Amino acid sequence: MDREIRILHTADTHLGYRQYHSEVRRQDFFKAFETVIQDAVDMQVDAVVHAGDLFDSRNPTLEDLLETMNILSRLKAVDIPFFGIVGNHESKQNTQWLDLFEEMGLAERLGKTPKLVGNTTIYGIDSVPKSKIPLYDYSGFELPDSLPENCKKLLVMHQIVQPFPYADWDCAEVLENLPFKVDAILLGDYHKYEKIKVGEEETWATYSGSTERNSASENEPRSYNIITLSGEGLEISRRTIPTRNFLFITAKIDGEEKPYEQIFSAINEHLEEIPESVVFLDISGNSDSVLSFSEIEEYLLSKGALVSKVKDARIKETLPEEVAKVAFSDPDHAVAEEIRRMSLNDGGLIVDEIIRSPDVVRSRVDEETENRLLRLIETIDFEDPDFRIEIPASPISSTDSIDPVSPINHPVSSADSVSAVSPESSADHVSPDIIENNEKPIPAVEAEKIETLDPAGETEFVAGIAGKTETFRAPVRIKNSESLNEALKKSYEAPDKVREAPDVNPEPPEPLPAFKNIGSPETFGSCETTVSSEVPEKGGERTELEDDAVNKTEKETGKLSGFGVEAGSEKEDADRIEKPAHVPDKAEKPVKQSQRKGKGKSAVPRQYNLGDYL
């Protein structure tokens, strides 16, 4: 060997790391790296080798890049080459940051092609994921065309290798598979300084350690290595780097009284060391007192600490063993159970499958979902109720269907009874419970006596027939000997066909002043009724004006023979047809429709239509 070669070996600088969210700590990492580079310039080393994790992130900020280039330019100014490999923290898919610096003439990326420094060749292997280590290809390593006499070979890696802790690659295996003998392996990724001999040839393997503390557990001094190669062999020496102080304080609480005084007393014992330090306070002892961590941290900051961290070890000490145990469930089983609990329909299951499928890329989720749902819709017959998901409604109470109520004290809600007047209340929509018992639903009514029309004892009532969305009031003639409920039941069970009224054209009744038009004549079963198209705007007792109007109406309609409907032309009937409006009563209480049956269409069990979701 013609002359002695000195190479500075460093690694794990983690530039750009804002430790504890502190801008000062970010600057500390750059200062440590700057110290290393300045030492290389001052010692006039032959080269600087960086063994990975130059940056803490694969996406450093522009400010981080500019500061790094300014520091590396110091080496370029004195013709000291900077060699590096890619670590796991900064690794990108294609072009690496080292490639950018190489284009700028600030660095050179190591690989299977050697870099020559004097009579020393340097190779590099970028960080390899653990899963790809068994597949690593050792072929392709080249030797210089003409090897210098007594040429030394160095290999740079960013990997934790055996026999070091947490190793995932056998260092001896690497040495055996290389096509040449290596004099030393310069390593990165392990933040602690280490130096041992490995393999049958007893090759040196060394970690330089990180240049700054990345965690509180890294309590040893930070350093870098100087590799000296000469005719006498290879020598590895360590140089430490001055870094910010990490101060650890322990406070033990004895008894329940004055815990803060005991803690502050322990802190005050280190007042000279606290300024500009990163301070960690561990609290132990009696756990009965409750402490405010923020108050303690503020006290440390008031004493000059750069960063203050408080750890309460008492919590861990008081936890019972069974509480401290952690159990993990199968994630696939948990997801399947949650999907089952959600009761998704076919469309929901399709969307869930697409979103969680690893075979569908994110950019194609919307397109794939739309296509699958369209195919599902094409296979569905929306007129066939079989594709619906039926949820049985709650059983109907007998009191909901046959108990008459007073129009004053017990107003009828449109959600409480069946609209026998509406076409929606046909036999096709009767509750299955009623069909099974061979009974027809009997509507709840509100009724009040109007007058006796003839000596035969027929009395006319105004019956409020409560439907799904509207309320009608209709005069119904019954005999005195029959109760209103029996009359309504008889009328409802009669044939559906309505007998035609004789050709009598009664004069239309005079309009009533405080009345509101809400509907047209309708039929209630076979009981031919005249449904008054006018009802009072407000509930309550009938006024004399209303009684006179009703009496006059009945006298006019009494000319009809038997039970008949109000006669008129088709045009007049069509003109009177309009959607009835529900006249709510002040005392009416809302009732959930899902709690009752026998209400027209709502008598069918509640259904969820897939079309509603699509």
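Each Cβ is built from the backbone N, Cα and C atoms, and glycine gets one as well.
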Same-site residue for Mn(2+) 2 (record: Swiss-Prot; known: ASP53, ASN88, HIS158; options: ASP189, ASP254, ASP282): ASP189
Site co-member for Mn(2+) 1 according to Swiss-Prot, given ASP12, HIS14, ASP53, out of HIS21, HIS191: HIS191
Sorted by sequence, non-ASP53, ASN88, HIS158, ASP189 residues with Cβ within 8 Å of centre, Mn(2+) 2: ALA11, ASP12, ALA51, GLY52, GLY87, HIS89, SER127, GLN159, GLY188
Nonlocal residues around ASP12 (Mn(2+) 1 binding site), in sequence order (Cβ under 8 Å, 6 or more apart): ALA51, GLY52, ASP53, GLY87, GLY188, ASP189, HIS191, SER208, GLY209, SER210, THR211, ASN214
Number of Cβ atoms other than its own within 10 Å, given for ASP53 (Mn(2+) 1 binding site): 27
Rounded inter-Cα distance in Å - HIS158 (Mn(2+) 2 binding site), HIS89 (active site, proton donor): 10
Among HIS14, HIS89, HIS158, HIS191, which are recorded positions, the residue with the most C-beta atoms within 10 angstroms of its C-beta: HIS158
ASN88 (Mn(2+) 2 binding site) CB neighbourhood, other CB atoms within 10 A: 16
CB-centroid shell, 8 A cutoff, Mn(2+) 1 site ASP12, HIS14, ASP53, HIS191, site residues removed: ALA11, THR13, GLY52, ASP56, GLY87, HIS89, GLY188, ASP189, SER210, THR211, ASN214
